[in-house]
Structures are given as C-alpha cells and as structure tokens.
Amino acid sequence: MYEGKKTKNMFLTRALEKILADKEVKKAHHSQLRKACEVALEEIKAETEKQSPPHGEAKAGSSTLPPVKSKTNFIEADKYFLPFELACQSKCPRIVSTSLDCLQKLIAYGHLTGNAPDSTTPGKKLIDRIIETICGCFQGPQTDEGVQLQIIKALLTAVTSQHIEIHEGTVLQAVRTCYNIYLASKNLINQTTAKATLTQMLNVIFARMENQALQEAKQMEKERHRQHHHLLQSPVSHHEPESPQLRYLPPQTVDHISQEHEGDLDLHTNDVDKSLQDDTEPENGSDISSAENEQTEADQATAAETLSKNEVLYDGENHDCEEKPQDIVQNIVEEMVNIVVGDMGEGTTINASADGNIGTIEDGSDSENIQANGIPGTPISVAYTPSLPDDRLSVSSNDTQESGNSSGPSPGAKFSHILQKDAFLVFRSLCKLSMKPLSDGPPDPKSHELRSKILSLQLLLSILQNAGPIFRTNEMFINAIKQYLCVALSKNGVSSVPEVFELSLSIFLTLLSNFKTHLKMQIEVFFKEIFLYILETSTSSFDHKWMVIQTLTRICADAQSVVDIYVNYDCDLNAANIFERLVNDLSKIAQGRGSQELGMSNVQELSLRKKGLECLVSILKCMVEWSKDQYVNPNSQTTLGQEKPSEQEMSEIKHPETINRYGSLNSLESTSSSGIGSYSTQMSGTDNPEQFEVLKQQKEIIEQGIDLFNKKPKRGIQYLQEQGMLGTTPEDIAQFLHQEERLDSTQVGEFLGDNDKFNKEVMYAYVDQHDFSGKDFVSALRMFLEGFRLPGEAQKIDRLMEKFAARYLECNQGQTLFASADTAYVLAYSIIMLTTDLHSPQVKNKMTKEQYIKMNRGINDSKDLPEEYLSAIYNEIAGKKISMKETKELTIPTKSSKQNVASEKQRRLLYNLEMEQMAKTAKALMEAVSHVQAPFTSATHLEHVRPMFKLAWTPFLAAFSVGLQDCDDTEVASLCLEGIRCAIRIACIFSIQLERDAYVQALARFTLLTVSSGITEMKQKNIDTIKTLITVAHTDGNYLGNSWHEILKCISQLELAQLIGTGVKPRYISGTVRGREGSLTGTKDQAPDEFVGLGLVGGNVDWKQIASIQESIGETSSQSVVVAVDRIFTGSTRLDGNAIVDFVRWLCAVSMDELLSTTHPRMFSLQKIVEISYYNMGRIRLQWSRIWEVIGDHFNKVGCNPNEDVAIFAVDSLRQLSMKFLEKGELANFRFQKDFLRPFEHIMKRNRSPTIRDMVVRCIAQMVNSQAANIRSGWKNIFSVFHLAASDQDESIVELAFQTTGHIVTLVFEKHFPATIDSFQDAVKCLSEFACNAAFPDTSMEAIRLIRHCAKYVSDRPQAFKEYTSDDMNVAPEDRVWVRGWFPILFELSCIINRCKLDVRTRGLTVMFEIMKTYGHTYEKHWWQDLFRIVFRIFDNMKLPEQQTEKAEWMTTTCNHALYAICDVFTQYLEVLSDVLLDDIFAQLYWCVQQDNEQLARSGTNCLENVVILNGEKFTLEIWDKTCNCTLDIFKTTIPHALLTWRPNSGETAPPPPSPVSEKPLDTISQKSVDIHDSIQPRSVDNRPQAPLVSASAVNEEVSKIKSTAKFPEQKLFAALLIKCVVQLELIQTIDNIVFFPATSKKEDAENLAAAQRDAVDFDVRVDTQDQGMYRFLTSQQLFKLLDCLLESHRFAKAFNSNNEQRTALWKAGFKGKSKPNLLKQETSSLACGLRILFRMYMDESRVSAWEEVQQRLLNVCSEALSYFLTLTSESHREAWTNLLLLFLTKVLKISDNRFKAHASFYYPLLCEIMQFDLIPELRAVLRRFFLRIGVVFQISQPPEQELGINKQ
C-alpha cells in the first residue's frame, strides 16, 4: 500500500518540481501557478512523512499496479489537480506537456479518478473538468506538436481507463479534440496518431456498451438459474422473452441528450428527431457469432499496430518532458497493450467459456481472428451467444406508416445504460460530420472539409464493421442509422471524389451485410438511385462504374444477400425489381454494351466486362450454393445395390426448412462458404416460397398493367381489372391513380379530363379523395396538381378546376373569403394561367402584378377579392411555379442524348450535373423512408432459386453467349463457361427444362463440334467448352433429361474429331464404305470421308489445311478429355433410375444418326451402348427393364439395318450381352429374359437377309446349348424366333431351327420341365409352324410326331402345370393343365388341319382325335366344350380354301373324316359329353346344313343320324327333346320357300313388285331362313335391305344383283335352293333312319312290292330289324313333332309340284337343267316316312293313350294324300306315288277289322276313283285285296276260303 502511495507521490512531486523548475514559471503572470505548485508540494511532503511504513515491512506489490482502493488513498490525488489545471492553462508548451504527462500517468495508474463533484460547476464531476482542461490545451493548428501528442495520449488514457468514468458530453469532447487535432495538425505523425487514437476510443466506447449488456445478460441468466433450479436439466431457451439489460437500469430517453455535448464539432443540429420511435422496446437480440462478438479486440490490436509503424527505439523509463514525439507514440502503444492485457480482470480469461470451444464460428471466418488481447472489461466467451428474441416481430411488423405524424417524444426508444447514450452521441456526431458539404469547385485533397468527410466515413465504417449485438439490434442505433447514416450515405454515395465514393460503398456493404433486416427501404434507394443508376447511365465515369462493380462483386458473392434481394424487392409489390435490374445491367456490361460512349480504353472495357461476368457468375454460384441440398451428386452414390437415404435419415442430417446459409462457394464442387451475409439469417418474417411466387406474379401483372396504362389508360385499367388486381368502382380507380407513382402523369391527366361518363366519375372520386381542409388556396391547388399533368384541352382543364373548386369549398366551409365555388373556380383558372405566363419560356411579355389583379376584378360574386390576397398569390407563383412533384424514378438519359456527348470534358460536366440531381433525389428519398418500418424477410428456403432463375436466365445466357462468341480472352471464356455450368445446375435441380436445354444447346454450339463450318476455327475456348460440357455430363447427369441429346451428339462428333486429330482412319464398319454403285470411293484428290463428314472441306483437298486442322484438334485427343468422356459412360451406373433411361434414349438416337449417315456410318455410339449395357446390367431389375426397353428397341432397328455389317455387329453384340444376362438366371414369375431377348425376335421378323436370319438362329441355338439351365421366361423368345424360322424357305435355317427345337422338346423339357412350362404353348405353336411349312414335308411329319410327344409330357406331369403360377392367375389350378397343356396341343393340331396339304392335315387330324381318345378320360366337362370349339373350327367356312376344287376335296376328305371322328369321340365319352356337348354338336350340325355346300349339308345330317343312332339308347327324355327340336329347326330352315315365290325379272332394272298374295305368312322361325319375298322388301329405314345371316347370303346377293342389273342373278340363288332341297330330302331320310334304323324302310318297301307281286300280303311276316331303330325311345309327342315336320315338307313339295306355271318359269330361268324342276322325291318320301311312323304308333300297344290322335291324323293324312293323287295329271308323277300307295294300302290292310272299318269307310270313295287310273299290276293286286276286305268287314260278302286266316280283332 505504501509503495503505491509512494509512486503516486513520486509522479506528483517530480511533475510539480519540473513545472516549478521551468524558467517560464518564474515570470510574473504565472504566480498563481507557482503558488499552487508550492502548496501542493508541501502537502505531499507532510503526507509522505506521516504515512511512511515501519522499517521491517517488505515491499508490497509492484509499484505500477493501482493500489487497493480505499477512501484514504484516493481523495487526496484529486485535490492536487489545481496546479495541473493552471499549468495546462499556461501558454508554455513545456509546462503544458509536463502537466499533461503527469495527468496521463495518474489516470493510467488509477491515482486520479475525479469522482468527486466539481466545486466550480454544480452537477458535474471533477473528471469532467479534468478532461475539459486537457482538451483546452489544444488551441488550434498553432498548438505545439509535442503538446498535441500529449493531449492525444492523455485523452486516450482517460477514455480507455478502468479507473475513471466519463460520459456524454465529456466523451464527445474527448473524441472531438482528437478529431480536431487530426484535421488541424500539420505533423503527419500526429495525424496518424490522432486517427489511430480515435479508432481506439471508438472501439472502446462501443465495446464497453456491448460488454455491459453481455455481463448483465449473464447476471440475469444466473438469477434465472437460481430461481428455476429444477429447470437445470432442460436446455436454456434460445428465445428470451425480452432482453435482460432493459430491466433495471435508469432509463434515459433520447430527449435528455443536451445540446452542449456537441460543442465544437460544428454539430449544432437539433436534438434527435422526436419521431425516433417504434412500438417495442429496443432489445438486445443478435445472432452474431462469437468471432464477430470479439472482433473489437482484433481491431484494437490492429490500431496499435498502425501506431507502432512509426516507432523508433524506446529509451528506457524516460519520463522527462523532452520525450520525442516517437517516444510518446511508443508509450501510447505500450501502455494500451499493458492496459488491455492487464485489465482482463477476473473471469475474463480467454478460456472462460465452459467448454472452451472457441472454434464454433458460424460465418466461416477463421478462429485466428480471436486474439487474446481483450478490451478492458470485455470477457471473451463463446458460451453465451444472445439469440434473437421476439424482436423479430417488430422488425417485420407491417407498420410501414411513417411515424412522423405522431408528435412528441416516443416513450419507447430509451437507452438502458449511459454507455449506450455515449455510443449514440458519438455515432450521431460522426454521421453529421460526414454530411457536411464540400466547398464548390474541384475538391482539394488537403482541405479540412474533405479530410473531415473521409475521416468521419472511415470511423463510421470501423464502427459498423465491429458492431456488436446491441448496436445491431437496439432501436436507437437502428434509427440513428436510418436517420443519419443513410442520409449521409445518399449524399456521399454520389461523390465525385473517388475516396469518398469508395468509403460510402464500403459502408453500404457493411450495412447490407449486418443491418439489412432493418434497412429494407434504404437499401432499395441505394441500389436504385445510386448503384444501378451509375451502371445504367452512359455518362458515369469508368472509375465510378468500376468501384460500383467491385462492390457488387462482394454483394453477388453472398448467397444470403442475393436471395434476400430477390425475395424482398422483386417479390414486393411496392419495391423496385432490383434483382432483375441488377442482372440485366450486369449482363449489358458483361456483353460490353454501351462502353463505346464512355470513351473507355480497350483494357478498361475488358476489365469491366470481366467484372460484370464475375458478378453474374457469382450470383449463379450463390444460387447453386443456396439450393445445394436439392442436388444429388451422381458420383457420390451408385445405383448398384444402394438406395438414397430415407426421408427420415435426411431430416436427421439437416432440416432443410431453416438451414442458415452463409456466403457462397468457390466452385461447384466446393461446400465451403465465405462472405458477408453472416449476420442474422433468421431475422425475418415468414419465408414462404409459394407466397412469394404468387406475389411476384401479381407484381408482374401490375407492371404490365402500368405499361399498358402509360400507352392507353383504359386498356391498362381494363387489363388490371380482368386480372383481379383493381376494383371496378370509380373510387377504386381513383385511389389507384393516387397511389401508383409509376403511372405517366400526362396519361393520368388525360384520363381524368376525358368527357366519358365513367372517366368523370373517376375524376370526381379522385378529387374527393383529397383533403384540402385548413390549406390556403394556392397550397391546395399545388397539392391537387402534384399528381398529374394538366391536359392541354380547355374543356378538360375546365372540368377539373370546377370540381377542384367545389371540393375546396366543401373542405373549408368556415372560410369567408370566397362568396361561392365560382369564385374559387375562376381564381384557380387564373392561377394556372399566371403560372404558365410567368414560367413559360415561350411567353416573352410577362404579366405584371397590376395586370393580374385587374384580370381578377369582380370574380367574387361581382365583388373583388382583397388586393393584398391576390398580390400574395402573384408573389408566391412568381417565386415558385406550380408543378408536379418530381417522380421518384430518375429518368435515364435517352439514346439521343448519349450521342451528343462530344468530349470527355463535356461528359464530365454532364455527369456532375446528373450526380447532383441524383444526390438530391437519393437524399430526399432517404429522408422520406427514414421513419418507415418495412418488414424484411430473410430467405431460408431453397425453393426461391427457381423463380429467380426463371426470371433472369435470359440475360445470363445472353452475357455468356456473347462472351464466348466474340471474345478470345481465356479469363472471359472460363467465366462464361463457369456461369453456364452453374445455370445448367440450377435448371437441372429444379427441372426447368426449357432453360436447361437452352444452356446445354448453347454450350454444345460453342464446342463447334456440331456446326457445319466445323472444326477449322477451333480455339482454346472451344476446347474448354468441350471439357465443360463433359463435366456437366459427369456432375449433372441425373437431371439432364433431353439435354443428353446435345451432349452425346457432341461426344459422338468429338470422337470423329479425335480420329482426324490423330490422323487415324475411322473404324468404319466395312473398312471402306461402298458407294451406291458398289465401287470403292476415295480417289487421289478427294478428301477422306471423315473430313467431308464433319463439313470441313469440299470435294478437293488442301492437305495443308488438313494438317492445320489436325493440329487445332489435337488437344481434343488429350488424355484428360478421352478419360473424361470414358468416365461419362463408366459413370452411367451412378445415374438414377430416370436419368439412365434418358441417357440411354439419347445415346440410341445419336447412334441412329451415326448409322444413318449416307457417307460413312459409324458405330461409336453403338459400341458405347453395348458398353453401358454391360456396366448397368447389375441394376435392380425394375430399372434395367426400363433401360432395356430403349436399348432393345435400338437393337431392333440396328439389327434390321440394310448394311449387313452393321446388323451383324448388332446381332453379335446382342448375343454377347444375352449370354451375360442369362448367366444371372431368373426367379420364377419374372419376365426380364423375355424382354431382353425380344430384339432377336424383331430382327428375325423384319430382316429378310438370309445371313442375318441364319446368324440369329445360330445365336439362339448357342444360347440353348450353353445356357438351357438358366433360361426361364426367355424360352418364349427362343420359340418365337424358331417359329419365325420355321416358315423360312432356306433349308439350312429351317433345319438348324428344327434341330434345336427338337432338342428342346426331347431333352430340355425332360430335364427342366417346370422352367419351360410358361413357354410350353410357344413350343407347341412353334412345332405347328414347322408342320405347316409345305416346303419340307418330312419336317412337317416329324413336327406332328413331336406334338404327340408333348401330349405325353402333359399326361405324365399334370402336377407341374397345376403348381405353375403366372400372369393368368385367374385360371383355377385344376384348369391349368388344360389351359397350358392340352388346349395348346389340340389347338395347334386344329391349325395344322386347317392350314396344311392333305397328307399332313390328315395326319394332324388323326393325331388330334387319337389324343382325344387316348387321354380324353382325364378331361373335365368344360374342357370338352373348349375342345369342341376348336374341333368345329375345321368346318368354319371362313377357314375353308377358296377354290372350288380344293373346297370339294376338303369337304369330302377332312370334313367327313372329322365329322365321323367327332361322333366316335362323342360316343366314347357319352356320359361326360351328353349334357355338355350335345347342344354344341346340334348347333354345329344345324349350322352345317345351312351352308351353301351340299356335301357339308349331307355330312351334317349324316352326322346327326350317326350320333343319334349310336347313342340314342342312352339319351334322356330331355336330350330327345333337344334332338327333335334340332331336327325341327333344320327342317324349317331348309324349306326352299323361294321356289314358290321367285319371279322372273319383268324389267331389266326395276325389282319385281311385291306379290299381291302371300300363300302363307312368312313365319320364319329361325332368323336364318330368309324368304326372297321378304328380302326384296327393304325393311330398314334407310332403304337398304337388312343383311340376313349366312344362309341368306345368296339371297342377299340376289337382291343386290337385281339392283345392279346383273345378267344372271339367279344362278347363285338357284344353287342355294338346290342345296335346301337336297337337305330336306336328306333330313327325311335321316328321320326315317333314326326312327326305324337305316335301310329298314327300304327293305319294307321292297317286301311290300314283292308281296304285292306275289299278290299276297303276308300278315304274319314281321320285319326283324324293327326294334333297332330309336322309335321305342321317343315319346308320342316327339314323334308327333317329327310328323309335323314331315308333313310340312310334304305339303310344300306338293304345292310346288302342283304349280306348273312356277316350275316352267324356273325351268326357263335355268333352274335344274333340262327338265322342269320338281320335288317328287321329297313329296313322296316325307309322306312315306310319316305314314310309317303313324302306322307304327297305331300298332303299338304301349301307346294306347295316343291312339285316338294317331287315328285322327292317319285318316286326315291318308284322305288328303288320296285326294291329291287323284288330281295328278302326269303319268310320271303318279308313277312316283306307286310305292307310297303300296305302303298305305298294305299298312291299312294289316290293321284290325274295327279300325279297318273306320279307315275304309273314309277312303272308300277315293279308292274307287283311283281305279280309273292305269295302275301297275302290284297296286291293282293290293287294291283288290282292300276291296275284298271291305266286303268282309262290312259283311257285304263272305270271305274267300284262303283268307279266313285274317285276324278279326
């Protein structure tokens, strides 16, 4: 303790003694000083003696450390201040220096605190007086330089010392003094020191403020922990409801900042604006990272370094006042470092943070920035990073109203600590200093004004760059930035002094990076009015443009900033489209447009272009970086066996919604980020990409509407209304005109002035929306005319003024000046005239005041307005004309004005004028928005990039294309290529196809590979383009889609180029390509094909040219390019499932182009296809099958290429691939092999070349031989190929194919039957095809044998079929044997039967029925139905051969064979088939008899007969019904009605009239029977005959022929009728055969005749065979049905035979040849059969019940017959009846007497009549017997002896 005291006393004593020793002090005017010094020395001496320590005590501590605080020590130091104060006031530099030096040391070591109140000025502390005294030592520029340094040193110590506190005005005074020393001092060292000191002071002031808040927050945290101890487990919440340091410090509102603080700084500005306000308290919520938090220490160190640059050797502890200036500087540095290091008090060590991980730096800056030299009291801790509190709500609140309306101080904005007030005052002072205008004329770099401006800007920049959380978020500071700094910037941002301009830009950058969330409007103004304006205007200097673009380079490199600009401005309805304009401007610069007028040198232009490109590329890189989470790098994954991480894993890795992105990246591969956007990424409103997109669309609509309005107002308004952006009422439109500043004022005026009713309503609403209350008349008029330009027409102005006057009076009803609205109206008009008169350059003689007053006489209801009132109006208008408000947008000078800039001097002049105007506008706008709270959204979603890119892709593309096109500079080219690459990446990941394709096409175009002028011009940039294209393919393959086409086309051409470059002959397919005539092309003076192919040379060759081309292309063959190209193909395995399909699809397309080349087909891509097929075969099957779909299709085409070599290559490649693919095997139920092998089928089907076909068959045979065990679904293709080979005419092909098929069927089936089941059908089909090849009959027979062999497999292995599952899962397991086994075999056999020559088909038929008979017992019922459907196909008319002879042969051989075979099978399996098949068989037979084929019809009836006779015994009643019905149907269908109705054609053309009488109704039971009469009468509405079914075809044809006036229309009809007649006859015979057994009736007739000849009826003789017939199985009803048929047939025949006229007509028409047609046989046989049945029933004891009906029928039929016989005229006709009569008489004779009675009495008269005919002897004999019997029965006579035997029943 004593030591400390001693040191202090030593300082004081030495200093006082030194002052006293100075010779100046001895002078009289220093007597007061001298006295004070002596008194002080006395006191010190006394004090020292009093407090000397005991001798034995050790020295305590170091002498320079501040002593332990205690009251006793410290009060005294302050009371010795008076001598120093007086010393400082002396004019002697030496004394002043000594005094200052001592004060500095006392303060530094804590001996002088100045805490006591100042006795001279109440309310102040001593320290304030001390500082004032120190500052007072600076007397302006003439102050001694040593003293200047001492002042600086003392002030720095005072401001930075831990031991004293100075605030408010005192701090300002200290800063101000240093500032003034910097400006005033002539000494460079002093200037430098002053500047460094200032920086240091500011750092400390701001750091202390931040620190205090931090400490307090920590304190609060501790408090909270103490209170909520139970919450310790849970993590500390990151969002504190409000920041703690606002809680308990005495608030001081802004209004307490007294004016005097701003003393000498020339800052006599008003107090802080009253309107500094917001609705929430300022809060400390910052997102700043620890690195930035501690940035200040680093800067202190830097400041210290700056100082130490001037140091010289330090000469020990020389405290003399003769210290050299350098020593003072050194001292300051040393002491600063000591203070800084020494003061890192308790708890502030570098590793104070709990975990010590200082490296958690969010913005990517290096941790080295954190240095261990903290500012006094600045704890360096990473553990606490205050996060953003709910303050964000106020930041993005929608309170965009200007808060100027609210008067009075805002209660909200308060300082929570005096330190904040200090910082605020300093900051505000610097802003105001920077705003001071420079003197007119060219700026002088040495002038105070300019140096002050530059210094203030530098200091502001330093404050902003080191800003901590409080500064960044506290509302006071934010408002200060808005109100002072931004306004200052708007002034300095257009400075023509480069240094000022550059500093402004740097400050703007800092603001953009750290404060953008608060400065939305300000940033907009800066961009719009300064940056973009300078870029766009043609007159701005190169330097300005250069600096702006340098700044933009920084902005564009920061992803957050770029996206934020788009989201906050381009997507904001009220903001300018800054992003869009920026990109467009940069694009123009990058294209070098507009640089000519600037008079730039070429070098300057190029560097500007490069910078422009660099910015564009940076923007794209940012967009890539921003959306990188959407991108999947194909090379970081493989599709072979790996899947993408699941959604869940993804979200664990990174939550995409709120990723904080900082900075951008250096290359597309990099993931590092650096840059300026590292602050408060989350300081945002909600970031919803969809919402922003909607906003952007609305904005575009509004802009479009405004554009339209500015051309045609009505059109614009209509458009906006259609789009729903504008209401329809006049009020809505008026409001729109008020608010929308982008409308053309002239058009607004025209619209309002229009006489249209609606326009008037809008105008009234527009005026009514103004509020003129309380305004004087001229102000109101000014306000009214601000918004639009008055139209030219008087009537329009008239209407507007009238309404204005009315509204003015309405708003100001209390006024007494105007008698009525008329007065106001006239006055308004006169004011407008006055303003035109006074301010228009056209008016030469201006109106005087007197004239004006005179003009307005009597306008106030015939009275005058007061003269002084009019005079005031005149004066005001003369002073300022009435005009529209200046529009916000500065108009950029038009093109015409650009050309007029003749010289550089003129340009400068023009530019300065523009700059001045610009500064004015910018400042006005800045001030206007300084109170506006605009919500700022910090973008977080990667989705924004898509609309950004869609908006700007064209200018990007233009810039890059132009760059590549017209500039050979390598740097430009590499920037363009990088840009294009980024653009492609963005278009890719957001799958924006059009844009992606455009960029890829551009890239492809600049490779020069695809252009016709070709490779001759290839330069380095084109080579680089090729490399870029390849890189894109490599990195973005997953997204390229259709763009693969361009890329693969280039790669294909590149291969060709490489061949030329290396001089190698391309590997053409056939060595040399044959020309059309087959001669070899290529003569001496022709260029090789490949040159022609690339469009390089014409016909004749310049070999030198070729050599140079080879050289320029050489680099395309460099190893790197070749490897990179290969990598695309080998890397194809990493493409995802969709991408690989696109890749393959386009590779195939390119390959097709290569192969189709007329001059020289190439196979480069085809080989690549084979390669990638190998690489990708391991993909999951699903993907592979999609790939193969494309490749397979390509092989299909290539395999059919007319060039055989190409096809051979294709087939061979296919074979190799297939072998590899088959090796992998296949699981059950998959179909991949089938898809894979399909090209073989296609080639076989389409390619007619024997070589290729042979090769295909050999390939397949090889597969079967080597891979049979692995083949599953592939069997289908194999059989399909052999099926195609089977019909070949080339023996070797057929032979090889058949051999292999045989091998499969006999051996492979044996071993691998289950694997082949799926294609079992195909195998059978294939064999069937071999059987049908007529050229090789032996093969055919062998094939049928193999089919028989297949049947054996099915029979032996039914289980295999049952177990087999496949696509047709709807087939029940038990049916699978049928569907997959039996049915195919039988079906194919039926095909063979239908297709082959007689011997083969007969063999087929035999085998078919053999199989049925052999294996039929295993068949289910429903299988038989299917089977017979096939069998009946043999009779299918459509399948029959056309030629008549063959048809006949077919009928006689195959059909008969088949019909009988069917009967056999039916009979064999009757039990199963009767109820299943009988209907079908009957239907088939019914169908047979309807065909126009006699043979078929006969077979049908025969078959019916056979089936019934063979099986009738087993028929049920039901089946018999069916049988009868079938017979009935056939009968009815085949009655040839047309024989009766047909008429010969009366005229040549007209059809015959309908016959007036129809003998019987056309009762066609079956649709299929058609009456001629019927079909000639068209029934359909449209008068076309309805087409009847098959059997009517002839008739139908007949009709159509009648209509087409054919010569012999009847022939076809007659043929059909003839067949019907035949069938009728056959059918009668059939019924007879069925009922009585074949040949029975014939026998009976013969016997009857014989008996008659013997003249004896042997009653006892019974026919033995009677019971063989089916009679006994038929019921009486069924028999009656058959009877009805027979009798109908009989009656028809009778009718026809009786119709002589008709028969003659038919005969004449050529029906039935030589004689007249008749139906005698039908007439007689039908009746005969009927009679037999009736008599049989009559005699049948078992049918007693039916006897009565039988008798009745008999009587009717017989009497009718006899009557008819009597009418017959022709001998031959009667002859035909002989047997019939014999039968009738014989049968009647055999019945019992009782019955005979009934019959004889009935027939008696008729029989008597018969006697008159010339009958044959036999008949006569029987008649005789009859009459004799009558005699006996009726007892007319006695019976002769021999006849007594007749039974008398």
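Keep in mind that glycine also has a Cβ here, set from the backbone N, Cα and C atoms.
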Discussion item. If you check Swiss-Prot for phosphoserine, which of Ser62, Ser1569, Ser1715, Ser1772 comes up?
Written reply: Ser1569
Worksheet item: From Ser367, Ser397, Ser541, Ser672, pick the one Swiss-Prot annotates as phosphoserine?
Response: Ser397
Worksheet item: What residue among Ser410, Ser840 has an entry for phosphoserine in Swiss-Prot?
Response: Ser410
Worksheet entry | Mean per-residue pLDDT computed across the domain 'SEC7' (709-840) | 87
Practice prompt. Determine how many residues of the region 'HUS' (557-577) DSSP places in helix, in strand and in coil.
Written response: 12 helix, 0 strand, 9 coil
Discussion item. I'd like the per-state residue tally for the motif 'Nuclear localization signal (NLS)' (711-715) from DSSP, helix first, then strand, then coil.
Written reply: 4 helix, 0 strand, 1 coil
